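This report concerns only the one structure given below.
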Amino acid sequence: MTEDVMNDDFDSLVTKPTEFIDYNCDINNGFNDLLKSQKFDKLGFNYNVLSILGCQSSGKSSLLNSVFGLDFDVMNTKLGHSQTTKGLWGALVIPKDTGSGNVTIVIDVEGTDSRERGEGRLTFEHRSALLCLAISDCVVINLWYHSLGNLTGSNYGLLKTVVEANLELAEASENTLASGDYKTVLCFCIRDWFPELAPLETVRQKVVNEYMLGIWNDINKPDKFKNSKLEDIFRFELYGFNHALVHPDEFAKDSSRFRLAWATSISPKSYSRAVPSDGFFYYASNILQTVKDQSHLDIPNQREMLANFRCQEIKGGVLDEMVPSISSMLTDAQSGVMDDFQHRAVELVDVAVGKYLELASRYDKTTSNKIGNELVISVFSKLQPVFDAIISHHCSDLAVRATVRLNEKFAISGKERSPMVGGQKAADVWPKFNMLTDEIKAELYNSLNSHILSCAINYSHESGIQAQSDFDTSAAVDMFNVTFKNEVESVRARHIRALLGQITDLVDSGFKVIGEALLERNVTSDKYWGDVNDLIDRAYSTCLDTMGPCYTGLVPSVQPNEFEYLAFMILLQATKCNLERTESRITDIILERFEQFFQYQEFNGETVPRDWGSYTEEELKQTYTQCKKEALNIVAVLRDCSPPTLEVPAFEVSSLKPNHVLYQELSAGVDSLRATTTSLSDEVLVDTVKACRKRFQEFFRTAQQIQSSSKNGISWKNIPPPFWILLLLCSWNELCSVLRIVFKVQVLIPLIILGFIVVQYFSHLVFGTSADAVFRPFKRQARELAMVGTKWIFKVATSTAAAAVNAGAKTTFLSDDDNDSGKKAEEN
């Protein structure tokens with residue numbers, strides 16, 4: 001205690017006097033600093049307050065200095081009489097032995113009847129008297145013995161002010177007078193007295209029975225005190241003090257006697273105003289401000305205000321202390337390692353309430369419990385981020401569970417035309433899609449709600465403090481809804497694509513049949529495009545009958561005619577894609593038609609290959625020209641587009657919301673799909689004819705070769721000698737390669753020869769001459785096979801030579817005929 005003044009003559013420590021109330025009747029915060037420096041706020045109710053009232057220059061400060069060993073400023077009489085103490089000053093008297101008594105706040109009050117104060121002295125005297133009576137366990141009245149009997153010198157006016165002020169305090173209190181809560185101790189200290197003048201009992205009778213009782217009878221008392229006695233309001237004590245200068249030793253003994261009486265009998269065991277030490281300064285400040293503003297006091301209201309102020313302060317301090325623990329919990333929650341949130345939260349609240357009650361329990365219980373409830377609610381509020389982190393992890397787990405459940409329930413398997421969803425037919429599952437997803441959502445939401453309830457806290461403390469957690473779950477619910485919706489939308493989109501794929505497949509499968517019709521000889525524009533429109537009509541009817549309920553189940557909030565319009569769009573789109581695909585392979589179609597018409601013919605209702613050997617050269621040319629013309633006719637069929645005859649369903653695309661799952665597809669419209677243009681332009685047609693010309697010629701030349709071979713027969717004699725020389729020269733490398741391979745087989749050939757000799761030798765050895773009869777047929781067959789192979793080789797060579805001879809003669813016909821075909825194709 002740096003400001004303590006050691007006093008060997010006393011068993012206590014004291015502080016230097018500090019201004020409490022300044023000359024303008026304003027409280028000084030420096031006094032609060034003094035209290036804090038001495039850890040006064042830790043005392044609880046174990047302290048007392050003593051103040052002294054009396055006339056100016058009556059020796060109040062010197063009396064307090066003598067009794068408690070303090071160092072209040074005193075008047076120097078050698079310099080004349082003047083005002084020394086201005087305002088109120090205070091000091092602490094602290095027992096050296098903490099168990100020997102309470103700490104005492106000693107307040108030295110500016111003297112009354114001050115000439116320096118002038119006309120404002122009465123106001124200050126009233127305010128200071130009210131303040132001292134409100135905050136003091138004991139008010140010392142300093143009187144001079146020789147002034148007893150005088151009106152002014154005996155402080156009669158001051159005593160009257162004290163009585164009236166104390167009545168005002170008692171009237172404002174809700175406590176009964178008999179309880180003793182507001183029985184302020186009035187201790188009269190009679191100065192310059194010694195026993196030879198008059199016994200103290202006589203002086204007591206004079207002061208109490210004449211002065212105080214006279215004042216009691218003269219003042220106007222409130223109705224509740226009409227029948228009350230003076231002793232119901234005050235407790236009187238009286239002590240005599242010898243002359244300090246004439247009899248200093250006796251004065252010192254009298255001071256010691258009063259100090260002992262204060263410590264043993266006068267001072268209460270605890271502060272009688274029931275204000276904890278940490279709230280004393282604020283209580284005194286509020287009392288002074290109320291006296292200045294209203295000139296009267298409402299003590300219970302002041303206590304309630306003090307309790308509310310201090311408890312709020314304590315609550316704020318406790319919340320600050322809880323921040324590290326809450327941060328630690330938040331870290332654990334964010335890392336996903338907290339499984340005991342409720343237990344840890346209750347422990348945290350218990351610690352907070354314990355710290356709070358350590359100080360707040362000294363104040364009004366109703367107020368402290370009310371703010372204690374607020375403390376618990378504030379702790380719950382600070383735990384909101386922890387709660388959010390825990391629920392966020394649980395929502396992530398629920399998202400995984402949602403994905404698993406949705407994939408199990410809506411797994412697509414099977415063929416495209418008859419898909420299975422979750423082991424059931426898609427047509428049975430899709431109409432109930434929204435209902436099934438709602439069931440899964442309800443199951444997962446129940447899990448979320450159970451987890452939220454497991455984190456709820458209904459806190460109750462033995463002190464009466466209780467509160468229930470009210471964590472904001474809106475963020476958790478929103479997170480769950482968004483997460484589940486995203487999972488559902490992903491599955492929904494996948495199944496809608498599967499449904500649209502089925503609609504498209506209706507057209508694709510139909511075009512496979514229509515594509516076969518393009519190879520027919522008698523195909524026409526009316527027949528082809530009629531088949532296309534019939535396919536669209538059938539597919540559209542099938543969509544409405546079997547897929548409408550599926551679409552309604554998959555897509556929420558379906559507008560009237562929405563599916564009809566969408567199905568029409570998908571069918572047109574699929575039709576357009578198939579037509580474009582057909583047009584892109586026009587060259588292959590033409591070649592397939594030509595090959596089918598040119599290479600095959602109808603015979604007895606069956607398609608058989610043509611026997612070109614039976615055709616004359618003119619018939620071959622006519623057949624070639626006719627087949628080429630029929631093959632190219634398909635171009636005119638494809639170019640003669642016919643728009644769909646199906647009427648477009650009436651549907652307002654503007655009625656769709658932008659968040660519709662198929663908004664982009666439906667917004668495209670059908671106008672572009674109903675266009676009658678074709679990609680087979682004149683330029684494309686010319687390129688197509690050029691690409692087909694070479695293949696046509698190859699087919700024709702092959703037919704000519706077969707025809708020539710059939711007419712000329714196969715004979716090596718018909719082949720001119722120069723051809724043999726040319727053949728020998730061209731195939732010389734191949735012959736050498738064959739010979740090298742044969743001669744390289746140096747082991748196989750000897751083995752074959754050796755095997756033949758061994759078999760023949762042993763056969764003759766065993767069977768004799770009859771063995772020749774057995775081997776002769778095998779030798780004859782081997783020679784025949786060799787001759788057949790040789791004849792076949794000569795036949796192929798002869799045919800090749802004949803074709804080469806006749807090729808030049810036919811080139812002019814093919815060239816002229818192809819030019820005519822190109823012109824006809826361009827006209828088509």
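Including glycine, each Cβ sits where the backbone N, Cα and C put it.
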Open item on the list: Quick check on the annotations: Swiss-Prot lists transmembrane segment for one of 341-361, 719-739. Which range is it?
Closed with: 719-739
TODO: Would you list the other residues of this chain near GTP - those whose C-beta lies within 8 angstroms of the C-beta centroid of Gly54, Cys55, Gln56, Ser57, Ser58, Gly59, Lys60, Ser61 - in sequence order?
DONE: Gly111, Asn142
- [ ] With H, G and I counted as helix, E and B as strand and the rest as coil, say where DSSP puts Gly59 (GTP binding site).
- [x] coil
Open item on the list: So if I draw a 10 Å sphere around the Cβ of Cys55 (GTP binding site), how many other Cβ atoms end up inside it?
Closed with: 21
TODO: Go through Ser57, Ser58, Ser61, the listed binding-site residues, and name the one with the sparsest Cβ surroundings, counting other Cβ atoms within 10 Å.
DONE: Ser57
